[in-house]
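Engineer: Got these off TrEMBL a minute ago, pasting:
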{"type": "DOMAIN", "residues": "11-150", "note": "domain 'Potassium channel inwardly rectifying transmembrane'"}
{"type": "TRANSMEM", "residues": "47-68", "note": "transmembrane segment"}
{"type": "TRANSMEM", "residues": "120-145", "note": "transmembrane segment"}
{"type": "DOMAIN", "residues": "157-294", "note": "domain 'Inward rectifier potassium channel C-terminal'"}
């Protein structure tokens, strides 16, 4: 059962495929919220920014020190001259760059140092330490914040690849399975669904992304579930359901996208995380069911494997669609 390629708002791994184009002042909006912009950067851009911050500041202030030495007449002075340079032993652009690097990294002033009578060089050194200190704090903080983002924890929560439609408690239901792949627990879990579909208003205006809530629940209760084993959430296709009237035939021509999001708090840090996925009509299996196969491993632990199979198919025709 291959899933045909189609445009979708949300990818299976939860990434947003929608993009806003032709917005005036979009770049200014990104710069106004520079912290979020840096956090949302891809790792290759963030590493480039992290490295270039150091090299750029070292080189920029190295040029400044070189210009100060050039203005003071420190460049190409003879060794026997009694001239007192602003910065000792800085007579070339390379030596000025090395002095800038040594100043910013505070690795010492044994060979190159500023003369206390050169106020311009002292002022340049103070400005460098203040500006580069702030820049390094920002870039390093953004680097660590991206490593600790709850988004990475959400990647270890998996949804079943397909949504199945079958009878549950005598009613037709849409069911999905959610599994936590880590041993650390997620607490206060809550799952929400949104049905995205085209909609034409009474005024004749077409809304491409009309959003309707779809309620999912567990068999046990409507309270926060304990996601220690893979759990099956289901939505009843009753009269109040936005998917009411859904049939196996209508799935072939339907145009909608079911977006699911699981919100929870991580047990170890207490931070909030959210994982998402979506299902298109081609990813609904009619008259199929979800089953869990639990196997004991060596020791005291158990391994679980989720099977998706046709209800009326023989055992040798049942296929494993999703494993956790």
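In case you wondered, yes, glycine gets a Cβ from its N, Cα and C as well.
Help me picture where these features are in the structure shown.
Structural biologist: Within its own chain, the transmembrane segment (47-68) is flanked in space by residues 38, 41, 75, 86-87, 90, 92-93, 96-101, 103-104, 118, 120-121, 124, 128, 131-132, 135-136, 139-140, 143, which lie at least six positions past its ends and keep a Cβ under 8 Å from the stretch.
Long-range Cβ contacts of the transmembrane segment (120-145) within its own chain (Cβ-Cβ under 8 Å, at least 6 residues beyond either end) map to 35, 38-39, 46, 49-50, 53-54, 57, 61, 64-65, 68, 71, 86-87, 100, 103-104, 114.
In this model, the domain 'Inward rectifier potassium channel C-terminal' (157-294) carries an average pLDDT of 82.
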Engineer: Please list the DSSP helix, strand and coil residue counts for the domain 'Potassium channel inwardly rectifying transmembrane' (11-150).
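Structural biologist: So the counts come to 85 helix, 3 strand, 52 coil.
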Engineer: If you run through the domain 'Inward rectifier potassium channel C-terminal' (157-294) with DSSP, how many residues end up as helix, strand and coil?
Structural biologist: 6 helix, 78 strand, 54 coil
